């Protein structure tokens with residue numbers, strides 16, 4: 001069974017252009033390294049090594065650095081332990097409907113306001129701290145910056161960096177330099193580590209899109225290496241790394257409340273992202289793989305599969321460009337970036353409501369209705385008006401006495 005599966009998986013029509021066999025691309029040691037699928041097996045242990053390195057990096061570098069920049073965590077009120085509410089929170093819903101709030105209030109003997117306050121405190125209790133978000137952003141910033149610098153240094157002298165037709169000249173018998181081999185292996189290992197740790201990372205509004213992006217990237221890097229699309233693959237990775245480290249740096253200063261620096265970096269990131277992802281990527285790289293490559297070989301399965309993955313990435317680029325343009329719109333009309341459109345999944349309103357929250361005294365039924373609040377406000381206004389009238393009368397009386405004495 002294993003032999004049959006192996007034979008089916010590595011059929012030449014899947015991986016090689018028509019008319020080319022595996023024997024035709026065999027290379028001798030002096031010709032250089034030829035990419036083999038078994039080379040990718042090392043990425044799994046390297047992914048776990050990245051996770052361990054991240055753990056050390058966050059505690060030795062990121063946390064002290066966050067304190068130097070002045071990152072502060074919000075003090076949140078902890079929800080009191082109520083087993084029935086905790087069970088509902090864990091297994092049913094984190095945001096109960098009005099009917100569910102009424103039902104829970106009857107079960108626990110609490111008012112609706114008490115129930116809503118408990119769930120708000122409980123949701124805020126699970127939110128990641130600013131320090132955790134800063135550490136995550138700083139780890140990605142460090143990797144993307146090093147990856148971009150190393151990738152640019154290894155590619156700037158290559159012929160296909162300037163002339164994209166060179167990506168396909170001599171394909172598929174193209175040797176791979178050691179620098180490009182490690183560029184591929186480390187990028188794939190890093191994205192594997194992100195996918196493995198996605199459940200413990202900060203969950204954002206585009207969580208599903210991020211998972212799709214990681215999976216598509218892993219398939220794209222792995223398949224392009226096995227099919228020796230390494231030259232164009234290095235360009236794809238370089239284009240993505242060029243803006244990613246700018247985004248992560250803007251997040252770091254956002255959590256540190258360095259507003260001016262954050263806004264400046266975000267504008268630079270937005271320009272680089274829109275140019276590289278909406279202009280360079282589709283007009284240069286996708287055009288190269290879909291059009292220019294056909295001058296050197298006929299389309300085959302690998303050609304279609306690779307281009308489909310590139311189009312999936314381009315769809316995600318358009319989605320993120322929409323979010324970025326929304327933030328730019330707010331920046332132009334309000335003068336600052338209000339918040340990350342990809343921020344935490346939970347609403348920010350909960351935290352604002354928690355600050356300075358005062359518990360209202362409960363009446364006979366455990367809550368104050370609208371009529372009672374209205375009467376209280378009216379009585380306060382009446383008292384205030386009476387005080388103003390009495391003060392005016394007192395002042396007028398004193399003034400009359402003074403006038404009489406003066407006369």
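Any Cβ shown, glycine's included, is placed from N, Cα and C.
The transmembrane segment annotation in TrEMBL covers 40-57 (among others).
Mapped onto DSSP helix, strand and coil, the domain 'Homeobox' (72-129) counts 35 helix, 0 strand, 23 coil. TrEMBL lists 72-129 with the feature domain 'Homeobox'.
Here TrEMBL flags 74-130 as DNA-binding region.
In this model, the domain 'TLC' (132-333) carries an average pLDDT of 88. Summarising the annotation, TrEMBL assigns domain 'TLC' to 132-333.
Feature annotation from TrEMBL assigns transmembrane segment to 141-161 (among others).
Below 8 angstroms of C-beta separation, residues 33, 35, 39-40, 42-44, 46-51, 54, 143, 147, 150-151, 154, 207, 210-211, 214-215, 217-218, 221-222, 225, 230, 233-234, 237 of the same chain, each at least six residues beyond the ends of the transmembrane segment (181-199), sit close to that stretch. If you look up TrEMBL, you'll see 181-199 (among others) marked as transmembrane segment.
Sequence-distant contacts of the transmembrane segment (211-232) (same chain, six or more residues past either end, CB-CB distance under 8 Å): 15, 25, 34-37, 39-40, 158, 160, 164, 166-168, 171-172, 174, 176, 180, 184, 187-188, 191-192, 194-195, 198, 285, 288-289, 302, 305-306, 309-310, 312-313, 316. Annotated transmembrane segment per TrEMBL: 211-232 (among others), in sequence order.
What TrEMBL records for 252-280 (among others) is transmembrane segment. Beyond the transmembrane segment (252-280), the same-chain residues lying 6 or more positions past its ends with a Cβ under 8 Å from any Cβ of the stretch are 66, 69-72, 130-131, 133-134, 137-138, 141, 239, 242-243, 246, 314, 317-318, 320-321, 324, 327-328, 331, 336-337, 340.
As annotated by TrEMBL, transmembrane segment applies to 301-323 (among others). Taking Cβ pairs closer than 8 Å, the transmembrane segment (301-323) reaches residues 13-17, 206, 209, 212-213, 216-217, 219-220, 223-224, 227, 229, 236, 273-274, 277-278, 281-282, 285-286, 289-290, 293, 341-342 in its own chain, all 6 or more past its ends.
Sequence annotations record features per position, and here TrEMBL assigns region 'Disordered' to 343-372.
Annotated compositional bias 'Acidic residues' per TrEMBL: 343-362, in sequence order.
Annotation comment: TrEMBL describes 363-372 as compositional bias 'Basic and acidic residues'.
Sequence-distant contacts of the transmembrane segment (141-161) (same chain, at least 6 residues past either end, Cβ-Cβ under 8 Å): 57, 167, 177, 179-180, 183, 186-187, 190, 231-232, 234-235, 237-238, 241-242, 244-245, 248-249, 252.
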